[in-house]
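Okay, so here's the structure we're looking at.
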Amino acid sequence: MFSRAAYTTGTRAFRAPSFAQGRMASTQAGPGPFGADRKAAIAWFTKAAAGSAILGYGVSNYIATDERIAPLSKALSDSVNALQKKADDLGLKLPFTVAHAFSTADHGLHPPHYPWDHYKPWKTYDHASIRRGFQVYKEVCSACHSMEYIHYRNLVGVSHTEAEAKELAAEYEYKDGPNDVGEMFMRPGKLTDAMPAPYPNEEAARAANGGAYPPDLSCIVRARHGEEDYIFSLLLGYCDPPAGVTVREGLHYNPYFPGGAIAMARALYDEVCEYDDGTPNNASQLAKDVTTFLSWASYPEHDERKKMGLKTLAISTMLLGLSVWWKRFKWSYIKSRKIVYKPGKFDEV
Amino acid sequence: MASAIARTTYNLFFRRSSSYMVGIFASAFAFEIAFDGAADRLWDSVNKGRQWKDIRSKYIEEQ
């Protein structure tokens, strides 16, 4: 019989191979983390790389495409609907709701996806477009919309030089003070001033716009479902109301706006702004530029965030490779050793 | 040859804890400079003409 003492001292009853024996055994079975020799290691890496590439390419291009996902999601929703119908017949209540009454008239027409360049994971904003978009905002939108969280200093190094931003700021007068006799006074704008507000307060804005409040545009892209696509579609989506829809006096029909009736009139027409960099100034170009500008205003960290994210992915990939190697290096000895049981004389208890 | 390099490396960096630490800090410093430089260059070439630094020459006034 084994005795506890015999096992722990391990001299006769059980003999685990020593480190040296393990190494000797493994020279025959295959040393190294990735196989018996260099050829096997190269084969391992080739297979790993080819497998990852085929898997990644296959999943993104052939499996996870709309053509494949759409039937799957339809099959899923069909089966859930059938389940719901069965439960209704039996008088049961399922712990989830399936039917959504959705009306584009109430919720707004869903905007199409536009191929924004800055949606690609490796692309920054087009800063020339931000600059043109600021011009559109300044000449058109700022008549009614404030941007109280965007300051002139934010433009420096993004779309304008410091001298240009100072000049832009100085075009407006800002209230400051009190001075040394306790009076408020007007002074030209500085880099630290926000975009000038068109109305002194919300009540004044509502009174001037038939009761509708033009929202602040500082974070408007973040704040709207559909983001850039919604803003772009809304700006260009004005049309005549369909038959049977009446729009109240002072409102305008826009299918992308929830409810369909929007107080803002169409503002962007061909050639309402004159670009100085030679870009065509048709309405869709103006809308694209101002949407890019508003997107930057909502996500000013966008460029840096993407660059940092890609660097993080690169470093993490290296660390993943290193950890795979390290694990296989440590385990190669354990995986290639043999444990041999040699029966011998046992100490009787 | 390879073993000579390995032996020199071992004697220079791994033999003593002090030189090991110095080696770690120095290689971390060198790696960060090299990695950041390479990543920034790649980023700038992918985004050529899109960033402010690419268009600022059109608007900056010579002093």
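Cβ atoms are placed via backbone N, Cα and C, with glycine included.
TrEMBL does not curate its annotations; it predicts them automatically.
Between the candidates A:M184, A:M186, A:M264, TrEMBL assigns the heme c site shared with A:C141, A:C144, A:H145 to A:M264. Among the residues the record lists as binding heme c, namely A:C141, A:C144, A:H145, A:M264, the two farthest apart have Cα atoms separated by 11 Å. A count of other CB atoms within 10 A of each Cβ picks out A:C141 as the most crowded of the binding-site residues A:C141, A:C144, A:M264. Cβ proximity to the heme c site centre (mean Cβ of A:C141, A:C144, A:H145, A:M264, cutoff 8 Å) flags the following additional same-chain residues: A:V140, A:S142, A:A143, A:P214, A:L217, A:A267. The helix, strand and coil residue counts that DSSP assigns across the domain 'Cytochrome c' (A:128-218) are 35 helix, 12 strand, 44 coil.
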